[in-house]
Every structure is written in C-alpha cells, then in structure tokens.
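Asker: First, the structure itself, so that you have it in front of you.
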Amino acid sequence: MMMGVELAFPKVVGKQVYGSLYECDEDVLKDTKRLEQIIKEAADIGNMNILDIKSWKIGEGVSVVAIILESHITIHTWPEYRFATVDVYSCGPHTSPLNAFRYIVEKLGAKRYTINEADRSSEF
C-alpha cells in the first residue's frame, strides 16, 4: 500500500471529492426535482456525462444518485437538520469533481461544510 504518494502517470484515474454540508436551504433539501437539476448542472460544470439519475424520497429527505459515464455523484439530505452529504467520484482525467462539488455546495446554500479529497488512481 502506498500512502501519501502521488502517481506520476496513473493507468487508472480516480478523483473523489466528498463532504458534509451544514445549515443548507431546507426547501432545496426537500425538492427532488431541484436536486436532480443541481446534479445535472454540477455534472456539466465538472465536465462529466450523466447516464442515469434515480431519486428516492425518504421521510422529508431525498437521496439522489447520478450514474455518470466516469462514475457517480450522490446527494443525501436531512432537511429537518438542514444537513446533506455529497460525494462526487470520477475516473475521467478530463473531469473536475472539485468544481462539481463546489457548485452543489453553493446551490444547497450551505453556510459551512467539510470537504475531503481522495486520489483513487492506480498504476497497476
């Protein structure tokens, strides 16, 4: 296992940006159609290609999963706490999961958030 090593020429590219969003706009967190639209726009901003989007209303919250050609984007919401989790993962060297993540943060109206980045690339 190589920890903390950046690969110069990975054969498999994997970039993941994920985090927790706090003090979000409660109305947006409840709105399935709006969340789907936000994911579509985020994918465009991150230069990703959406294959399919599925959503589920769970109580007041919503889970939205977008399968992108390059991997996935997810948003899970808890409006009663004004809280959401977001995960943007891409295997495309031409993509920007960070730009997509930042767009989602902005559109959910998060007053504060955590952000984590993982390089999941491999040289094989």
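Glycine is treated like the rest: Cβ placed from N, Cα and C.
According to Swiss-Prot, the protein carries these features:
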| type | residues | note |
| --- | --- | --- |
| MOD_RES | SER71 | pyruvic acid (Ser) |
| ACT_SITE | SER71 | active site, schiff-base intermediate with substrate |
| ACT_SITE | HIS76 | active site, proton acceptor |
| ACT_SITE | CYS91 | active site, proton donor |
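How about a rundown of where these features are and what they're close to?
Answerer: Classification of SER71 (pyruvic acid (Ser)) by DSSP places it within a strand.
Within the same chain, residues at least six positions away from SER71 (pyruvic acid (Ser)) with a Cβ under 8 Å of its Cβ are GLY14, TYR89, SER90, CYS91, GLY92.
For the recorded site, HIS76 (active site, proton acceptor), the DSSP three-state label reads strand.
Counting every protein chain shown, the number of other Cβ atoms lying within 10 Å of the Cβ of CYS91 (active site, proton donor) is 17.
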Asker: Give me the count of other Cβ atoms within 10 A of the Cβ belonging to HIS76 (active site, proton acceptor).
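Answerer: That number is 18.
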